[in-house]
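Novice: Per Swiss-Prot, the feature [4Fe-4S] cluster binding site maps to CYS12, CYS96, CYS197. Sequence annotations record features per position, and here Swiss-Prot assigns dimethylallyl diphosphate binding site to HIS41, HIS74, HIS124, SER225, SER226, ASN227, SER269 based on sequence analysis. Sequence annotations record features per position, and here Swiss-Prot assigns (2E)-4-hydroxy-3-methylbut-2-enyl diphosphate binding site to HIS41, HIS74, HIS124, THR167, SER225, SER226, ASN227, SER269. For HIS41, HIS74, HIS124, SER225, SER226, ASN227, SER269, the entry in Swiss-Prot reads isopentenyl diphosphate binding site, with the evidence type sequence analysis. Under the heading active site, proton donor, Swiss-Prot lists GLU126.
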Amino acid sequence: MQILLANPRGFCAGVDRAISIVENALTLYGAPIYVRHEVVHNRYVVDSLRKRGAIFIEQISEVPDGAILIFSAHGVSQAVRNEAKSRDLTVFDATCPLVTKVHMEVARASRRGEESILIGHAGHPEVEGTMGQYNNPQGGMYLVESPEDVLKLEVKNDARLSFMTQTTLSVDDTSDVIDALRARFPKIVGPRKDDICYATTNRQEAVRALAEQADVVLVVGSKNSSNSNRLAELAQRMGKAAYLIDDASDIQEAWVKDAACVGVTAGASAPDILVQNVITRLQELGGGEAVPLEGREENIVFEVPKELRVDVREVE
């Protein structure tokens, strides 16, 4: 059995930054550190940080006065930000800068009195945070997930209308929704490039190349990870058996026993150690050496806040 690795895969710059913010806060200030929502959607990462003293909460009211609070990579609404500001809390923001960019687009539309449409998945924390940047009662903020949603949407003034997208969507599906928006609302204005982030786009491109060669595709990522789910869906749409797994223990021998080639990739919030463990398990099941495919090189780095830049040797 051949093992192929998608490239790129795993951590993106925004996830790397968010995890570093929590780790550095724990190093500098000690436990407990409170984090609103899972800092990234990966069970292994969250469990590891919890063992170090991170406490994951959903409501600001759960945080005691004087504590340190970190916003997750998915971002928060202005209401949550204002609630935290009203408390005696030290706040660090781990929102991905590419999510913040979308927040700024929504806030700008709100100030101008334009109505805004967000393409995204209802209930996802990034969507809740982005929708929560709009606060102009004269306008309106709407959420759509599909071309069908667009057909049913009623706005107040289609002459002053803009759209934004969640950063972790399917590139193909989003393109269909944008086409539907432009057909329904010819004057709608969007970003120069859709808001789907570089890492999401690159990983979908990589899993497409992987699925062209593999009989079975394993996507390392947690069930609540939007971008990981999109990778598995894309491989399935290409007619391949694809499975979303948290770690190597999820692999069922029946999935791969008749496969000549198994492809492995990982969502943007999945650490490489999980991929290495999957490779080891596949080799136990008869796989050969893992061969990485060629792909786009990623060199993007997002700096942590200067207050949290720490040389661990200085605090040992």
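For all residues, glycine too, the Cβ spot is worked out from N, Cα and C.
Fair warning: this is a prediction, and the values are worked out from it, not measured in the lab.
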Novice: Kindly assign SER269 (dimethylallyl diphosphate binding site) to one of the three DSSP-derived states: helix, strand or coil.
Specialist: coil
Novice: Near the isopentenyl diphosphate site, what residues other than HIS41, HIS74, HIS124, SER225, SER226, ASN227, SER269 in the same chain have a C-beta no further than 8 Å from the centroid of the listed C-beta atoms?
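Specialist: Everything else in range on the chain: VAL40, GLU126, THR168, ASN224, SER228, GLY267, ALA268.
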Novice: What is the Cβ neighbour count of CYS96 ([4Fe-4S] cluster binding site) at a 10 Å cut-off, with all protein chains included?
Specialist: 26
Novice: When the number of other CB atoms within 10 A of each residue's CB is tallied over all shown chains, which of the binding-site residues THR167, ASN227, SER269 has the maximum?
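Specialist: It comes out as SER269.
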Novice: Return one of helix, strand or coil for HIS124 (dimethylallyl diphosphate binding site), based on DSSP.
Specialist: coil
Novice: Spatially, and counting Cα to Cα, which of the recorded positions is closest to CYS96 ([4Fe-4S] cluster binding site)? Options: HIS41, HIS124, GLU126, SER226.
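Specialist: If we rank HIS41, HIS124, GLU126, SER226 by Cα distance to CYS96 ([4Fe-4S] cluster binding site), first place goes to GLU126.
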Novice: Cβ distance under 8 Å to the residue listed as 'active site, proton donor', same chain, sequence separation 6 or more: which residues?
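Specialist: Looking at Cβ-Cβ distances below 8 Å from the residue listed as 'active site, proton donor', excluding near sequence neighbours, one finds HIS74, GLY75, VAL99, GLY120, GLN166, THR167, THR168, SER226.
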Novice: Here's one to test understanding: among the binding-site residues HIS124, SER225, ASN227, SER269, whose C-alpha is closest in space to the C-alpha of CYS12 ([4Fe-4S] cluster binding site)?
Specialist: SER269
Novice: Compile a sequence-ordered list of residues in the same chain as HIS124 (dimethylallyl diphosphate binding site), six or more apart from it, whose Cβ lies below 8 A from its Cβ; state 'none' when nothing qualifies.
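Specialist: Result: HIS74, GLN166, SER226.
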Novice: Provide, as an integer number of angstrom, the distance between the C-alpha atoms of ASN227 (dimethylallyl diphosphate binding site) and CYS197 ([4Fe-4S] cluster binding site).
Specialist: 10
Novice: Rounded to a whole angstrom, what is the C-alpha distance between CYS197 ([4Fe-4S] cluster binding site) and SER269 (dimethylallyl diphosphate binding site)?
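Specialist: About 13 Å separate the Cα atoms of these two residues.
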Novice: CB neighbours of CYS197 ([4Fe-4S] cluster binding site) within 10 A?
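Specialist: A count of 26.
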Novice: I want to verify one value. Collapsing DSSP to three states, which class is SER226 (dimethylallyl diphosphate binding site)?
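Specialist: Reduced to three states, the DSSP call for SER226 (dimethylallyl diphosphate binding site) is helix.
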